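Inspection log for the structure reproduced underneath, given as structure tokens.
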Amino acid sequence: MLTRNSLYLLLWILFDGGLLTPLQPQPQQTLATEPKENVIHLSGRRSHFQRVKRGWVWNQFFVLEEYMGSEPQYVGKLHSDLDKGEGTVKYTLSGDGAGTVFTIDETTGDIHAIRSLDREEKPFYTLRAQAVDIETRKPLEPESEFIIKVQDINDNEPKFLDGPYVASVPEMSPVGAYVLQVKATDADDPTYGNSARVVYSILQGQPYFSIDPKTGVIRTALPNMDREVKEQYQVLIQAKDMGGQLGGLAGTTVVNITLTDVNDNPPRFPKSIFHLKVPESSPVGSAIGRIRAVDPDFGKNAEIEYNIVPGDGGNLFDIVTDEDTQEGIIKLKKPLDFETKKAYTFKVEASNLHLDHRFHSAGPFKDTATVKISVLDVDEPPVFSKPLYTMEVYEDTPVGTIIGAVTAQDLDVGSSAVRYFIDWKSDGESYFTIDGTEGTIATNELLDRENMAQYNFSIIASKVSNPLLTSKVNILINVLDVNEFPPEISVPYETAVCENAKPGQIIQIVGAVDRDLSPAGQQFSFRLAPEAVIKPNFTVHDFRNNTAGIETRRNGYSRRQQELYFLPIVIEDSSYPVQSSTNTMTIRVCRCDSDGTILSCNVEAIFLPVGLSTGALIAILLCMVILLAIVVLYVALRRQRKKDTLMTSKEDIRDNVIHYDDEGGGEEDTQAFDIGALRNPKVIEENKIRRDIKPDSLCLSRQRPQVEDNTDIRDFIHRRLQENDADPAAPPYDSLATYAYEGNGSVAESLSSIDSLTTEADQDYDYLSDWGPRFKVLADMFGEEESYNPDNVT
């Protein structure tokens, strides 16, 4: 190591002295370069600046990576021309790794690496060196920068960063067809030696594929590899550094290669003849069988198209491809009939949809097979001669008239007789009948075209030998019209004419309607009735298009002379027999302005422009009257409700004055009238009469406070009094009450005041004994409560 570094120093000296000139300078690998010049001021020795050549004898050092020696690895030596070997110069080191990775001998300038280095972790270190005077600590040279490069060794194997790989190549490809390019990377220094020079090779996958040693491009090595023989290939690729030489490191990866399909195989039928059996009753469009051609290709290259080759019976059948199974589905295009033809033979061709022109030389990509179809006999229902029967009949045709017939036949071998009947689910059974054997249809009722113009029902035919086999056909019967109704004028029946009308003015256009409906359409004619032809005020102008105009014949009309005119119009139709009717048009004379706008006529004429008739006006007036009556009734009820609020709460009750010495009817009489009628909210009782004293007389009147004069209350009482006096069913308010009869209770609650004025402790009920035998029960009850002493209870 020392020898190599000494060689670097020697070469630098030779280059610096001009003794050697580099043939091919490579800046990135320069071992020594010419030192830079700098201006140094030497104080005390020179009075001017002088350019001094710096005396460094190095520029770049190298150190091996992954050094595992026991001693620190020697890197190189720093030296200055000012160092005379007297020990007065001190060398310092700073920068990347100074003190941690690299150390320097301050006296000799020797640099050592104190730990193992990895180039892949850090390829070089930039440091700064300086020579200073030991005594003065002043720099002898400006600080200078140098580089220590980590020299690479082959310590990293190649790696496939994108592996494993997946690739594909079409089958039947020629030799050298491109498949895939693989790439391996080596972390070693590619600029130094062969440590990063990778060479590719195939360890597994020959002889099908090959690889370029330098580029890693994989290509086919065999021609015409068939996917149907083998589809998947696994190739093992190796990448080795050191140019593939012995001792180089290697890495491997797997490449999975798939042969993609091409259309190199035509479809083939597994057999040449297919036999099918089809019942003759199979419906049109139904699938009657399947055939299949086999294609070993895959995907769209295996898609097959089937076609029927024109020939015997091919026009009765059709074939389509099932996209899921690639089978040919044979369908029935026309109905089969065993009695007509019992067997059919035709050819079917199968071909690929997507052809590859590279393989046309191998032959046509299609195959042909024969299909034989046998028709099976089926017992079929009768067949009608027509799919639909249309018949016509005049209305009012006599019952039992035959209007048509239907025919059905049994086409099977050994045909059976056929019976006919009307389908009970249709509406024609009650109006028509059918002969079960002959199939003739006759009327069963009188038909009225104005009631129903068309009948639609079904006829069923069944075989006598097998009634379950039936067929059905629709019957359409049109009822023809007989001209039995005269035409009538269409609305309006009324119109108006202005007083200032001129002769020849059309004041109204009228049309006609006819309940008869002729298939060719009706033609109506209009004219005046014979009685109106003499000196007519109006005339009828027939427009020959089923309308007519009412035309004035006078120069002005007077409302005072005649307000209404009645114009008879004769309308005649064109059917046979001819029908006509006379219709009367009412014409009202109205006052109009110069433009013909009606100004005044009558209530109805005002609304003529908007199309309101007399009935509509009457309905509007009736609604207005009903609405007014509802409003008046509502107001009256509101006022009556305000007058009736003369009563307050239920507690304001006026007690009746009862004679207790009367042996009368009792409390049942008091229940027959409404006590609420005597309630008065404005009466306020200031004092109540004590009931615990003996009354002065047998009948005491209740003391009532003065009531202010109120006219409303007085009128109310008098009115109620008169009503009850006039009512013989009303109970008398002054009826006698007999308390010897224990009634159902009194709503007046006249005796409740006995226990409502004071508490039991404050009242003395001895006076009840003085009132006589009638109050003995009350005296005993309250007297016992008064004398009750709980201490005497044993």
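Even glycines carry a Cβ here, placed using N, Cα and C.
According to Swiss-Prot, the signal peptide annotation covers 1-23, on the basis of sequence analysis.
Per Swiss-Prot, domain 'Cadherin 1' is recorded for 55-160, and the stated evidence type is sequence analysis.
Across the topological domain 'Extracellular' (55-609), the prediction's mean pLDDT works out to 88. According to Swiss-Prot, the topological domain 'Extracellular' annotation covers 55-609.
Here the domain 'Cadherin 2' (161-269) is broken down by DSSP into helix, strand and coil counts: 3 helix, 45 strand, 61 coil. The feature domain 'Cadherin 2' is assigned by Swiss-Prot to 161-269.
Per Swiss-Prot, N-linked glycosylation site is recorded for N256 (among others). In sequence order, P164, Y165, V166, A167, Q232, Y233, Q234, V235 constitute the residues six or more apart from N256 (N-linked glycosylation site) in its chain with CB-CB distances below 8 Å.
Marked as domain 'Cadherin 4' by Swiss-Prot on the basis of sequence analysis: 385-487.
Swiss-Prot lists N456 (among others) with the feature N-linked glycosylation site, giving sequence analysis as the kind of evidence.
Per Swiss-Prot, domain 'Cadherin 5' is recorded for 488-609.
When secondary structure is read from DSSP and collapsed to three states, N537 (N-linked glycosylation site) falls in the coil class. The N-linked glycosylation site annotation in Swiss-Prot covers N537 (among others).
Swiss-Prot lists N545 (among others) with the feature N-linked glycosylation site, giving sequence analysis as the kind of evidence. The Cβ of N545 (N-linked glycosylation site) lies under 8 Å from the Cβ of no residue that sits 6+ residues away along the same chain.
The transmembrane segment annotation in Swiss-Prot covers 610-637 and rests on sequence analysis.
According to Swiss-Prot, the feature phosphoserine maps to S787.
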Rounded Cα distance in angstrom between N456 (N-linked glycosylation site) and N537 (N-linked glycosylation site) is 53
For the domain 'Cadherin 5' (488-609), what are the DSSP-based totals of helix, strand and coil residues?
-> 9 helix, 55 strand, 58 coil
Can you tell me the three-state DSSP label for N456 (N-linked glycosylation site)?
-> strand
Using DSSP, how many residues of the domain 'Cadherin 4' (385-487) fall into helix, strand and coil, respectively?
-> 0 helix, 46 strand, 57 coil
